[in-house]
Amino acid sequence: TDESSGYESESAERSAAAGGTRGRQRRARTAFTSEQVCRLEKTFQRQKYLGATERRKLAAALQLSEIQIKTWFQNRRMKLKRQI
């Protein structure tokens, strides 16, 4: 028989509430390839902000989502700001 005290689900709910995810799973961290990072860095050197068209083209070329590109650029700008 598959009897459970419910403890496992209680602890999962508690950790989800503590993390603020409200039951949703966080997206796994993207592991960019060195080629993708190289292309992203080169693009970043030319322009710190991408428009929708450039973001769409870069996402297609690197086989990443537009959100991944957008997030990478946001994070890269923050890294630059911290270095200055």
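All residue numbers here begin at 1 and follow the chain in the order shown.
Even glycines carry a Cβ here, placed using N, Cα and C.
Annotated in TrEMBL:
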type: DNA_BIND; residues: 25-84; note: DNA-binding region
type: COMPBIAS; residues: 1-19; note: compositional bias 'Low complexity'
type: DOMAIN; residues: 23-83; note: domain 'Homeobox'
type: REGION; residues: 1-32; note: region 'Disordered'
Find the average pLDDT over the domain 'Homeobox' (23-83) in the predicted model and report it. 95
When DSSP states are grouped into helix, strand and coil, how many residues of the domain 'Homeobox' (23-83) land in each? 42 helix, 0 strand, 19 coil
